[in-house]
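So the structure is just underneath, and the comments pick up after that.
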Amino acid sequence: MTQLSSKDVPSMGRRQFMNLLTFGTATGVALGALYPVANYFMPLRAGGGGGGTSAKDELGNPITKTGWLATHQAGDRSLVQGLKGDPTYLIVNEGGGIGEFGLNAICTHLGCVVPWDSGANKFICPCHGSQYDTNGKVVRGPAPLSLALAHVDIEDDAVLVKQWSETDFRTNENPWWA
């Protein structure tokens, strides 16, 4: 085994070592600070066999079809936690089943949560008076767009909410939220 002489080993000066240490520390801090930003723009998808997000109640418990229909009547529109945790309306259709689509409850004007007014049979925003029909289509401004749609699927009694990327059936246009 041969040993290298001291003249064959490159020397690192104190200044070069401190520069590398400072650069390495600054790079580590910058990457650590960028992680939440990257995670915001590319969030992890929550589980569900078919790629959907499990709809959750106000306590964060997964919703089941049988449990939901036992406590909600036909025509009911109630809030659940949907995609990205956004408030989403599950609709019980007139046949007594859960509708095939849900509505994101965030007003397209300034982001207020839009409550369902069963007396007026429409969604009315409390912030600036925007109104949406039973399917979430804007009928009175200042909201410029209809409420976002989401697919609602049932898999093994679990209620799943999935991204809607097809044509918006209310306007026959591409979805603005996709």
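Including glycine, each Cβ sits where the backbone N, Cα and C put it.
Within the same chain, residues at least 6 positions away in sequence whose Cβ sits under 8 Å from that of Cys125 ([2Fe-2S] cluster binding site) are Cys107, His109, Cys112, Val114, Gln131, Ala143. The secondary structure of Cys125 ([2Fe-2S] cluster binding site), as reduced to three states from DSSP, is coil rather than helix or strand. The feature [2Fe-2S] cluster binding site is assigned by Swiss-Prot to Cys107, His109, Cys125, His128.
Here Swiss-Prot flags Cys112-Cys127 as disulfide bond. Secondary structure at Cys112 (disulfide bond), as computed by DSSP, is coil.
Annotated domain 'Rieske' per Swiss-Prot: 65-161, in sequence order, evidence recorded as sequence analysis.
Marked as transmembrane segment by Swiss-Prot: 20-42.
Counting only residues at least six positions away in the same chain, the Cβ atoms of Cys107, His109, Leu110, Cys112 sit under 8 Å from the Cβ of Cys127 (disulfide bond). Each of the recorded positions Cys107, Cys112 was scored by the other Cβ atoms within 10 Å of its Cβ; the lowest score goes to Cys112.
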